[in-house]
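Q: Please see the structure below; I have some questions.
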Amino acid sequence: RLPDQKTSPSGKSATLRLCSWNVDGLQTWIKKKCLDWVKKKPQISCASKRPNVQRTNYQLNFKSCLGYPISTGEEEHDQEGRVIVAEDDAFVLVTAYVPNAGGGLVHLKYRQHWDKAFCKFLKGLASCKPLVLCGDLNVAHEEIALRNPKGNKKNAGFTPQEQQGFGKLLQAVPLSDSSQHLYPNTAYAYTFWTYMMNAQS
């Protein structure tokens, strides 16, 4: 849910609305009428996990079922279309579909390798202009982001390795977690709900 109004530390009204959404399961969301955020008319909307969508006027370097990427400079990570970069006069926008560590954490080592390469890539971009990162980052960095943090310690997206990797990324680039910055103590403002066991209902 987008806030009705936000102001900067200097007191100026917010002038940019940006939405980021993993559109996997779009039909379910439409049926549940969960798209009211569109009425807020964001100036920028970033969608991840968009299979087989053709777009014109966009540079396409690689294509896969996961999207339209630009090169991160690491061939191992460049074949799945996980990163999109858009450059504005004032900032660089990156939206990413970060690898999931998977059930039983079978892809955790790959995820850790990705985190290091992605951090290096973002640092390079941030050295030129202010950077905005959004997307499906597949990590809950703080316990307040989950309804049941204690029961999820060994689950993908909430392992100490993934939390530490994301924390290092925030410090190294550097970036600020907007959810924690805007709503540091807001209860029930979870950034993750699983589809499993009907949890989103």
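Heads up, the Cβ atoms here are built off N, Cα and C, so glycines get one too.
For Asn22, Asp136, Asn138, the entry in TrEMBL reads Mg(2+) binding site. Taken from TrEMBL, the feature domain 'Endonuclease/exonuclease/phosphatase' covers 70-194. Residues annotated as site 'Transition state stabilizer' in TrEMBL: Asn138.
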Q: So what pLDDT does the domain 'Endonuclease/exonuclease/phosphatase' (70-194) average out to?
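A: Summarising the domain 'Endonuclease/exonuclease/phosphatase' (70-194) by its mean pLDDT gives 85.
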Q: Helix, strand or coil for Asn22 (Mg(2+) binding site)? Use DSSP.
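A: Asn22 (Mg(2+) binding site) sits in a strand per DSSP.
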Q: Taking the Cβ of each of the binding-site residues and counting other Cβ atoms inside 10 Å, which one has the highest number: Asn22, Asn138?
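A: Neighbour-count leader: Asn138.
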Q: Write out, in the order they occur in the sequence, the residues of the chain not among Asn22, Asp136, Asn138 that have a C-beta within 8 Å of the mean position of the C-beta atoms of the recorded Mg(2+) site.
A: Ser48, Lys49, Tyr97, Val98, Asn100, Gly135, Leu137
Q: Please work out the helix, strand and coil residue numbers for the domain 'Endonuclease/exonuclease/phosphatase' (70-194) from the DSSP assignment.
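A: Counts, helix then strand then coil: 49 helix, 17 strand, 59 coil.
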Q: Among all the protein chains here, how many other CB atoms are within 10 A of the CB of Asp136 (Mg(2+) binding site)?
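A: So the Cβ neighbour count for Asp136 (Mg(2+) binding site) comes to 21.
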